[in-house]
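Chemist: Take a look at this one; I'll ask things after.
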């Protein structure tokens, strides 16, 4: 069933969204992108005359914690939807059940943070650090049993289930996956955002226009190893950049000064270089780097060879020759995946490389390439430089997107697709 086909008139819909938005010290939303992304789905249900029950998490609470209450975002959700959204001070308690039961056509109810309950994630809480294996096993068994009852209560509020939370699709949580078992195929579906995310990933994985270039940044090669190895079976060009570059440089015998490095991953870096060559993948690493004498926007800087970074200096961004090298490859590409910046883009003096990569992707997109940007830092990059609406798709899912591209089955997607 698709959301477009479904008529919500007279139906109660439990909609799992990802309203895990950043809040400042006064609990004001600093970036409402995730809320806005869910609006088309919520508006469709309202317009049909359905009754909407919104479930989400916020942060990583270890129990009921006022600072993580979804009440903080209630006024903004009401404003964006143009309706007076009701609030339940629990997600499965009497208040939630009562308000859900009394909903009328067009009304919207926001439940309190689902993660106030350990049952949402299905992980025990409150175990002491020195708990025995038996105690851990008993606690896990207890929370799994309680999770079933928790999931049943969430499902009992609604006639249908809509998952529009791609950001948590890689989690087999109560509200993201398990709840789907309580609805038949005709009464569970993706929301519009989830549909777009799934299509974007499928296009990158299965409907590839070549040349296909992946740009992987970030500070650690160890956190990207699975996705890098999966991409080596798919891409024509793999650009590795960001902090992980210096592990490759050191592995090749270069001098990296004070640059970030994973000394225990040098063999892994050499193995990736070898595998790329064996598979005929064009592996592109930076050739020059903008270095600083300290980790500061106002530090003294110079540009030097990647292989010859002075002893007391650290790599902070790619240099002009690397920018030109990356740009040439990107402009020749027809499918582009970007995950991770080229340097410390949060500092304006070291954001030039990331901006240049973003602008090259925009130019390639204008020339007909399909470009997918995903992962927290690269999304922050395109937003910072005003490029988000000039690429093909910006994913809301960090970990979920990476796991999908690694080739893993995402529980939140499998629960709907079967």
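Every residue, even glycine, has its Cβ placed from backbone N, Cα and C.
Not my notes, these are from Swiss-Prot:
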type: BINDING; residues: 18, 19, 20, 34, 57, 58, 59, 60, 115, 171; note: substrate binding site
type: BINDING; residues: 224, 315, 346, 375, 376, 377, 378; note: ATP binding site
Chemist: Just to confirm: which same-chain residues, 6+ apart in sequence, have a Cβ under 8 Å from the Cβ of residue 20 (substrate binding site)?
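Modeler: Long-range Cβ contacts: 34, 56, 57, 58, 59, 167.
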Chemist: Hey, which of the binding-site residues 57, 224, 378 is the loneliest by Cβ count within 10 Å?
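Modeler: Per-residue Cβ counts within 10 Å for the binding-site residues 57, 224, 378 bottom out at 224.
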Chemist: Given a separation of at least six residues and a C-beta threshold under 8 Å, show me what packs close to residue 115 (substrate binding site) in the same chain.
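Modeler: Residue 115 (substrate binding site) has long-range Cβ partners 57, 58, 59, 60, 61, 68, 121.
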Chemist: Show which residues of the chain containing residue 375 (ATP binding site), separated from it by at least 6 in sequence, have their CB under 8 Å from its CB.
Modeler: 218, 339, 340, 395, 398, 401, 402
Chemist: For residue 377 (ATP binding site), list the number of other Cβ atoms lying within 10 Å of its Cβ atom.
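Modeler: Its Cβ shell of radius 10 Å holds 17 other Cβ atoms.
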Chemist: To the nearest Å, how far is the Cα of residue 224 (ATP binding site) from the Cα of residue 18 (substrate binding site)?
Modeler: 24
Chemist: Show, in sequence order, which residues other than 18, 19, 20, 34, 57, 58, 59, 60, 115, 171 on the same chain lie with their Cβ within 8 Å of the centre of the Cβ atoms of the substrate site.
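Modeler: Checked against the 8 Å cutoff, the neighbours are 56, 113, 167, 168.
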Chemist: Using a 10 angstroms cut-off on Cβ to Cβ distances, just flag whichever of 59, 315 is the loneliest among these binding-site residues.
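Modeler: Looking at the binding-site residues 59, 315, the Cβ with the fewest others within 10 Å is that of 59.
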Chemist: Over all shown protein chains, what is the count of other CB atoms within 10 A of the CB belonging to residue 346 (ATP binding site)?
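Modeler: Taking every protein chain into account, the count is 14.
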Chemist: Looking only at 18, 19, 20, 34, 57, 58, 59, 60, 115, 171, the residues listed as binding substrate, what is the longest Cα to Cα distance in Å?
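Modeler: Across 18, 19, 20, 34, 57, 58, 59, 60, 115, 171, the two farthest Cα atoms sit 18 Å apart.
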Chemist: At a 10 Å cut-off from the C-beta of residue 18 (substrate binding site), count the other C-beta atoms across all protein chains.
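Modeler: Summing over all protein chains shown, residue 18 (substrate binding site) has 24 other Cβ atoms within 10 Å.
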